Amino acid sequence: MTTNTVVNVHNLEKTYGKANERQYKALKGLDFTVAAGEFVGIMGASGSGKTTLLNMLSTLDVPTKGDVVVNGHDVTKMRGNQLADFRAQEVGFIFQDFNLLESLTAEENIGLPLALKGTSSRVMDQAIHEVAETLSIADLLQKYPSELSGGQKQRVAAARAIVHHPSILMGDEPTGALDSTSARELLDLLTTINQKQHMSVLLVTHDPFSASFCQRILFIKDGQIGSEIKRGEQDRSAFYQQILNELGTFNE
Amino acid sequence: MLGKLALAGIKNRRRDYLVLLAGLTMSAAIFYMFANLATNRAFLKTNAVVSQASLIFGFGAILLILITIVYIMYANSFLLSMRQHDYGLFMMLGATRKRIGELVFLETLILGAIATAIGIVLGLLLSQFLVGFLLDMLGLHLAHLSAFYLPAIIATAVLYVGLFILASLFNMVRLTRTTVLKLLHTDEQANQPRVHLFRQMVAAVLGVAFLGIGYWALAAIKTLQMAAIPLALVTITIGTYLLFRATLLVIIQGLRHTKWAKRHLNGFLLGQLNFRVYNYTRMLTIVSLLFAMALGAITVGSGYHRQLPLMANSIGTYTVAIHDKNAQEQKLIDQLNVKHQATYTQKRQGKVVYYNAAELQQQPFELSKSGQLTKSLKHPKFYTESLAKFKKSGVQDFDFQSLAVRKDMGFYTPKILNAKQFAKQPGTTMTVTTVRVKDLVQDQKVLKRLNRMEVKRFALPEQITVGNYQSYEMMSGIFGGLEFMGYFLGIAFLAMLASCLMFKILSGAPGDKQRYRMLYKVGVRQSLMRRGIAKEIGILFLIPGIMGVIDVLFGLQMFKPIMASPMSPYLGIGSIFAIFIGLYAIYYAITLTLYWRIVLPKAPTN
């Protein structure tokens, strides 16, 4: 494992159901890596194992077999508080349904990961305002989630995901609940974050348009990596076309 | 088919249902026990020495009914919050509203009927044991108290089933009027209350004013008579509500802007409390009142319990006086922790009782300092006088006169003769032994036997007591009913108040479950979440607790007229408060454990 690898997945397997019950193999031995600063997409149809994979990477679920190393931490060997701390410090999350706490203002939502670390309030204020500037949500900070539109909510969620500078940002269909304009804005923002802050981004999606913002795409089918394409030097619309083609043949 | 599905839904949440059923059952049991006491005429007639006792029982019954209504309301909303998602699902699958309405109605009614039936049986058993235990512990004897009393059973059944029919109708209407989507997505939108400074100020001032009127009404119960209680109930309720509404939000929102709010989960805690306190204002008000009534009732009850012996101790100078003690009585006396003992020879002739001066010289008769009764209550001061002085004034002493009681009421006139004259004096000769013990309560059992023997041998006219022990027995008879009521209502109020709070908090759990799931994903440690929940629920328990204690401190004024001078409703309330708060804390712990179990996300396992 080289030092500039952020995620290293080796022979990952996940089986649901107990040994004496009917079992279902969701992941059947996955191998892949994500380099530091890379923007990787994971695509696949419903039921292909995308979300299961993301849950393994983010320690929300435990693999049956195999290793997951994130930024040098072997997550399969962690327990209890270690897992919670790992999620709080190493990973930033963006979910399809935002997962904002509706009892807190946007500012308090964004500050949560820092508060968990015990950051001083001066540093926290500074970090919140910096990230709010980047995502142009500075004027929304005092509002509650119920007062925000879907796109605004997702930008607040993105701000919360990166405010503590995690080693990797994971998105689970982050544009799934957004209209096309908001979706595009969010994807542009993710690209900016990826390039300006050199933060690795792992995007799980089944939407080809979202995927076209990535540098590399892994296609999962029935719990295994079916194929992989790279954007290389081509522009986004060309890459989009390539994805569509790949999907066309991949699902046959 | 739908019925089967509904049953399956209940099976899946049997633990929650068990909590609900247990709470309702307890409530019905408590109501039965109280109804048993309050409606049992034979019992009331023999024990209501104080003319107001039946009034107090009636008042207690009305309070208990009101509280039962509130209680069932909260239990019902808990039930509804558990079920609405399921019913929404059934509707989405195509069940008609009418069918759903029937199901809801039946489910609520069946649950209520089961709770009532078990509750009455439990009430019967509890009446048998708990009431007996309580009376035994208090050393009271209440005649005509039987566990089984048909009118009480009917009253309980009618009230509970009636209330449950109302609750079922309410649920039916509520569920059939709500849209399917709302039922499916019941995770309520947290409404964020805004602070209007001016309105808030007005509410605070009004709240304090209302509380002031209420507290004044309780203190002025002598002039306001029975009007004081309803007046105080209304004004204190409104005052508490306004005060909570005005201050809690301001405090919480003020705290949100501090540095403290930016550490760990504190901000989340304040955010939770912010909308919760607003929604809970009414319930917190009711709970604070219940808390006050429970604590007040127990304080008054225990006040009587602890202060009666004190008062009895300070009444006279000896605990018992035994005439012509026999061997058996001497044995009993030897078992006592005697502080002072004296034996005098009496000669009774006509209306006069003669004493031997030599004996009185040798063992002077003890007198006590009266006058400053309140001060001497805890440590009554005893003293003796020289014989000459005693001959003049001491002979008039009530305690001394009581040593020779005539059958037709009144006393023999005591006369002190010198030894020679005494020897010549004809008349019936007998001895009297006065015993003062260290602690009346400690020797209660022996004293009781001793007193019974004495009374058997020398029947006294009614209304006459000799010695502190007899005074104590008589006072226990008078105030025992009040004492018992105090304890009983106190325990009942406490049980119901805590369950109200518990149900209200638990009915918010499904919404919180999602929030804690989010926190879990973001990487909050389990221990931090646990502590956060403990703080949040703790504050919700604490607010009515504090208000309740303040209410009680003022409310005890009400009992000043019936706990006259040597006694005081405020004497020794510390230990009672401590015990009560201990019980309250146990409820807190139970609620917290249940909440943790419902809300905390489980770590994944393989």
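Cβ atoms are placed via backbone N, Cα and C, with glycine included.
Look at TrEMBL and you will find B:17-35 (among others) tagged as transmembrane segment.
The transmembrane segment annotation in TrEMBL covers B:55-82 (among others).
Looking only at the domain 'ABC3 transporter permease C-terminal' (B:59-175), the predicted model's pLDDT averages out at 79. As annotated by TrEMBL, domain 'ABC3 transporter permease C-terminal' applies to B:59-175.
Note on the transmembrane segment (B:103-135): residues 2-3, 6, 10, 17, 20-21, 24-33, 36, 76, 79, 83, 87, 90, 141-142, 145, 147-148, 153, 156-157, 160-161, 163-165, 167-169, 171-172, 175-176, 484, 487-488 of its chain, located 6 or more positions outside it, place their CB under 8 angstroms from a CB of the stretch. The feature transmembrane segment is assigned by TrEMBL to B:103-135 (among others).
Residues or ranges marked as transmembrane segment in TrEMBL: B:147-173 (among others).
Sequence-distant neighbours of the transmembrane segment (B:201-221) (same chain, 6+ residues past either end, Cβ-Cβ under 8 Å): 228-229, 231-236, 238-247, 554-555, 557-558, 560-561. Look at TrEMBL and you will find B:201-221 (among others) tagged as transmembrane segment.
Residues of the same chain lying 6 or more positions beyond the ends of the transmembrane segment (B:227-252) and with a Cβ under 8 Å from any Cβ of it are 59, 193, 195, 200-201, 203-204, 206-215, 217-218, 220-221, 270, 273-274, 277-278, 281-282, 284-286, 288-289, 543, 547, 551, 555, 558. The feature transmembrane segment is assigned by TrEMBL to B:227-252 (among others).
What TrEMBL lists as transmembrane segment is B:283-304 (among others). When Cβ-Cβ distances below 8 Å are used as the criterion, the transmembrane segment (B:283-304) is approached by residues 63, 67, 70, 74, 233, 236-237, 240-241, 244, 277, 479, 482-494, 496-497, 500-501, 504, 540, 543-545, 547-549, 551-552, 555-556, 559, 563, 567-569, 571-573, 576-577, 580, 584 of the same chain, each at least six residues removed from its ends.
The list of residues near the transmembrane segment (B:484-506) in space but at least 6 beyond its ends in sequence, with Cβ under 8 angstroms from a Cβ of it, reads 16, 19-20, 23, 26-27, 30, 33-34, 37, 53, 56-57, 60, 63-64, 67-68, 70-71, 74-75, 77-78, 131, 134-135, 138, 140, 142, 280, 283, 286-287, 290-291, 293-304, 537, 540-541, 544, 580, 583-584, 587, 590-591, 594-595, 598. Annotation source TrEMBL lists transmembrane segment at B:484-506 (among others).
The annotation transmembrane segment is assigned in TrEMBL to B:537-559 (among others).
Look at TrEMBL and you will find B:571-596 (among others) tagged as transmembrane segment.
Listed as Cβ neighbours of the transmembrane segment (B:147-173) (distance under 8 Å, sequence separation of 6 or more from its ends, same chain) are residues 28, 31-32, 35-36, 39-40, 65, 68-69, 72-73, 76, 79-80, 101-102, 104-106, 108-109, 111-113, 115-116, 119-120, 123-125, 127-128, 131. Secondary structure of the domain 'ABC3 transporter permease C-terminal' (B:59-175) per DSSP (helix as H, G, I; strand as E, B; remaining residues coil): 102 helix, 0 strand, 15 coil.
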